[in-house]
């Protein structure tokens, strides 16, 4: 009886984790872009603008899917790297 209880708890935890992972699968954060699963057409421009990205986009391949990758704004310290002398 105790084993069944532990089995049910483990199953519930697994299901919750799978739902959490599935919710995040539509957007993937890469270093300089945020990618969304969609067709790579002019709709990418609308997707990026609706999420607040104004620096353009490109078609990317990720997790065996193709999608719109919206370019992030770079911070000033990322654009200009200090010289190390």
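Every residue, even glycine, has its Cβ placed from backbone N, Cα and C.
Listed in Swiss-Prot:
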DISULFID  35-70  disulfide bond
DISULFID  40-59  disulfide bond
DISULFID  44-68  disulfide bond
DISULFID  48-69  disulfide bond
SIGNAL    1-27  signal peptide
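This view paints the features noted in Swiss-Prot onto the structure.
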| residue | record | DSSP class |
| --- | --- | --- |
| 35 | disulfide bond | strand |
| 40 | disulfide bond | coil |
| 48 | disulfide bond | helix |
| 59 | disulfide bond | strand |
| 68 | disulfide bond | strand |
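By the criterion of other Cβ atoms within 10 Å of the residue's own Cβ, the least surrounded of the disulfide-bonded residues 44, 48, 59, 68, 70 is 59. A sphere of 10 angstroms centred on the C-beta of residue 69 (disulfide bond) encloses 24 other C-beta atoms. If you compare Cα positions, residue 48 (disulfide bond) sits closest to 35 out of the disulfide-bonded residues 35, 40, 59. Counting neighbouring Cβ atoms within 10 Å of each of the disulfide-bonded residues (35, 40), the lowest count belongs to 40.
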